[in-house]
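Report on one structure; see the data block that follows.
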């Protein structure tokens, strides 16, 4: 049986590839023999015209997972409006709270060897007036995988996010670069700078793909450093 592996995926911003990287991790874990489950506890924006109320990111995670979980477990908080979760929740007259998220994680963990939990937006996105994504990550207490959207400004965003993760006592287990702007000047030099600045393994850089395909992207990501640390922790 594989050693237990769980992680929390966050990013330097919104729309920088967290869902793609989460799906890549699930794909790689399943290939390594794990029963892998994905959670996106909070999703803002429902698919227009879908036969049932759902979210595109949630469906990508469900497709990549090797453990089939009920939708409400994968995403206990689904909001209609594609905006900051605290604003979307206020529009619907609800308040996002932590217990349903922790319950969903516990349920997923009971059925899987590995659970990948994807955050929403960046690391400090508000979830309510007094609760944000960072606090959700702390409550889960998982090692963090950081997705860096490679575009102008990524060095500052990555450094600030890595500092915020460390300041909360969380372990940054690795980071993945995702090319958001293929015309970015000095892209390779920026990646080299990130490798020096971020005190965590660089798991890979995903080039700009024709479409967000987890199997194609998985060829550019190595999860061995994540699994090696898990094995060391169990010794």
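The backbone N, Cα and C atoms fix where each Cβ goes, and this holds for glycine too.
Because the structure is a prediction, the values reported are computed rather than measured.
Copied from Swiss-Prot, the annotated features are:
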ACT_SITE  40  active site
BINDING   15, 16, 17, 18, 19, 20, 57, 118, 119, 120, 121, 207, 208, 209  ATP binding site
BINDING   19, 57, 118  Mg(2+) binding site
Report summary line: Using a 10 Å radius on the Cβ of residue 208 (ATP binding site), the other Cβ atoms enclosed count 12
Query raised in the report: Fewest other CB within 10 angstroms, which one of the binding-site residues 17, 121?
Result: 121
Query raised in the report: Least buried of the binding-site residues 15, 57, 118, going by other Cβ atoms within 10 Å?
Result: 15
Query raised in the report: Measuring Cα to Cα, how many angstrom lie between residue 119 (ATP binding site) and the residue listed as 'active site'?
Result: 6
Query raised in the report: Whole-number Å distance between the CA of residue 121 (ATP binding site) and the CA of the residue listed as 'active site'?
Result: 11
Report task. Using only the residues recorded as binding ATP (15, 16, 17, 18, 19, 20, 57, 118, 119, 120, 121, 207, 208, 209), report the maximum Cα-Cα distance in Å, whole number please. Result -> 22
Requested in this report: Using all protein chains in view, find how many other C-beta atoms are within 10 Å of the C-beta of residue 119 (ATP binding site).
Outcome: 25
Query raised in the report: Any idea what the Cα distance is from residue 208 (ATP binding site) over to residue 118 (Mg(2+) binding site), rounded to a whole Å?
Result: 21
Report summary line: If you measure between the CA atoms of residue 57 (ATP binding site) and the residue listed as 'active site' and round to the nearest Å, you get 8
